[in-house]
Amino acid sequence: MLPCLTQFLLLIPNSLLPVATIIFASGFFPYKPHLPGFANNEPWKNGSSPEAPFDKIIFMVVDALRSDFVYGESSGFSFTQSLISSGSAIPFTAHAKPPTITMPRIKALSTGSLPSFIDVILNFAESESSSLFSQDTWLTQMKSKGTGKLLMYGDDTWLKLFPGTFDRMDGTSSFFVSDFTEVDTNVTRHIPRELRNRDWNTMVLHFLGLDHIGHKSGPQSLNMIPKQNEMDGIVKQIYDALSKFDHLQSTLLVLLGDHGMNDAGNHGGSSSGETSPALVFISPKLRSISTKLEAPSLRCDDFRYYSVVDQTDIAPTLGALLGFPIPKNSLGVFIPGFLSFWSDEQDRIQILLSNAKQIVALVSAKFITLDSDTNNDQCNLSKDVVEELFCRWKTIVRNTPKKGAEIKLIQRWKNDITEWLKQAQELLSASSSNYNVLKLGVGLAVIILAMGISIAVAILLIGEGLRAYFFLFIITLLHGTMMFASSYVEEEQNFWHWITNAWLLLLWMKRSVRQGLVTHHSIQFLLILLAVRIARRWNQTGQKFAGEPDIANNFFPGHCTTLWCLVGIAYFWNLWNIKRLCFPQLPPFLASIFATTLSACAVNFKIVFTREAAPEILNHTLRAIANSGVGLSLVAQARILFTLLGIALSLSIYYNLKFNNHENRVAHSIHHLLTLFLYTQARVENIPLLMVFEIILVLMSGQHLNPAEITTTSLVLQHMSFFSLGGSNAISSIDLSNAYNGLRDYNIISVGILTFISNWAGPIFWTSGTSLILLRSQQTAADNLWAGHITLITLCTTSSLAFVMLACTQLRSHLFIWTVFSPKLLYSIAWSLGQHLLINVGYGGTIFKIGRRSIAI
């Protein structure tokens, strides 16, 4: 087939990929509708509303404040624990529903409603379209009271969500995770002055440092307890002011986390650590109603300390405590323990009734309202949960206790209405999103069309040779079938490890049949299988075995010298390859100096970076090296390194294309410079694993694979390496620790690129390595070799995405649609648009063509 025609036919399915993705995602991730307008105070039966015990609030959000960080025995919040013991603080675990990302959690905390899953994307994009300016929130209600100004210091997500709401503010980007000191100092410096000011009624403080430490080095970092001590000191500073200043006597301090974190320090998923942030109400006034709980609390493996409430419960609870109407779209239930603030039973009844009426309005808007003439007997016969809910509501209204009713009757009624509120909350929370089924169908049709065209191109290009790709087709079919089972999606890493081993064993058997068992090829395959086995144990991912011992997180912290010896070997091997291949026309002495300088900058940056992020894995010698630097910041060092890499890449391409060579030297040069860049973007614990991949690549290059074997090997190793480096299908496994290398400020494009490279370092490496193997192969015409390879990769990509889209469509009412299938859809989109289009097609095609050109010169 003519090269131009081939390229045109390949362009069609690859162009349809983003089209199908955009159409399907817009139908699957719509914004949830909400009731317009703002809640108003309704007249109470006795003529006056219950008196609010507080008139000011300090809302102190410590990002990623997992419950055990405050309540556990090893907590750094000793003063806060003393307040719990004395009765001046009431603790809870506030359940945070997935996605456990800052923006959707702030939406839940402020509106009392459940945000859309699309907020995951808006959270990373810092989109202005996510504003809550037109929605009813407790901040809006506090502003409408007119009793004071609203202040905000910390995470600038609040400023994006509530434009024009705050009167005094100072925001900090929540994504610049390389800093966990200045982001909190910037907040703390405002507190003493504002505590003396009398002109505000709401102060929001959002501290980011603890979350950044988690992203950098996990919850066991040496920096974690000092940061907790720092936050506890701020609690003490505020509490002392509440006790000292008259104008703060009726001020409520709420200490809470927007979400928690998992054992790796990340969040976004549905594990117990991520969904269990702390929530503490603090005030000297609370001593009158508190039961003085024991603190610290005994260890809880599920992180559910003390009473468990929902994050949406905060909005209605604050409404009663501060005297404003509950936000219109709140699904929250007033926390019953605070009813003790009101001695009059009628006040308590009115608070619960107000909460229930607001929930009834939401249920009525979402579902068909029950006919008001339906009698109680008909209600009892109803099998529909919505009808039953309305019927029970009528019974509750009818049985509302009058003034002077018996205490037992009142208590029974309060139990009934609280149970009804919880049932209504669960119903509204579980109700499915308003999917656009038409868009889902169109998106599916487009991706199936792309898959069909890919099949047609494969038949035209390869013809009867497609039989050699039988194993690849089996992999694609098995993987697609797995997408309909939530457990298999969560543990997908097992599939790719098993398939990789099965494929390598099959290759070994094929060669053993032809050449015999004891050959150098057999020994190479044994070494490859051993290396793949090591990779399997490097990082434990998924859900079931995520906390099991592994090499990166359990072995290396206790053997840091071993780690850095392996890291040194990796850098030295890379240095030798760069010196040998990148600068063929430079004098050997100059080539050695340039290559050594480049590698030295890379090693020094990684050591200094580790000193800041995870000093516990540095020995004394490396600490001394890090401390004896030239005084340059990490940003400056990263920029110098990236500049040197750019110069080296330019020189390598120039010299290798200008002067004739027959060893694919330019492609190998690009590969080794890319490997050095991947070392820079990877966690230090994963650098030796990238070296293991390099060893596998060297061994595989000597196997003389045919085109079908090259494509199948590339596919399985790309996926295997992704999971071996710590990836999973959970949002919480996204690694942001290297997303800001060389950046002083947040930039969505730069951060997005660096984040993708950090998390897809393994697949990117194997795309580059596959190009080298393809260039070495001389079994077919060069153009058709790459075209056939990319056609089959395109077919597998479109098929995989089609299966995921079909699973999400069929299972859109499934219990785990938002915790399992939706994150998988986002990952599939990243694989399709990022790894396939940009890396496999873009980078892979470029390096292959440059390599062929260098041979042709």
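Backbone N, Cα and C define each Cβ position, glycine as well.
The range from 495-510, 687-702 that TrEMBL describes as transmembrane segment is residues 495-510. Most Cβ pairs under 8 Å with the transmembrane segment (517-535) belong to 495-510, among the candidate stretches 440-462, 495-510, 588-609, 629-655, 746-766. If one looks beyond the transmembrane segment (786-808) by at least 6 residues along the same chain, the residues whose Cβ comes under 8 Å of a Cβ in the stretch are 3, 6-7, 10, 13-14, 16-17, 20-21, 24, 28, 440, 443-444, 447-448, 450-451, 454-455, 457-458, 461-462, 469, 472, 475-476, 479-481, 483-484, 707, 710-711, 714-715, 770, 774, 780, 817, 821-822, 824-825, 828-829, 831-832, 836, 840-841, 844-845, 848-849. Two recorded stretches are said to be in contact when at least 3 C-beta pairs lie under 8 angstroms, sequence spacing 6 or more; the transmembrane segment (629-655) and the transmembrane segment (746-766) fall short of this definition. Across 495-510, 555-576, 746-766, the stretch most heavily in contact with the transmembrane segment (469-489), judged by Cβ pairs under 8 Å, is 495-510.
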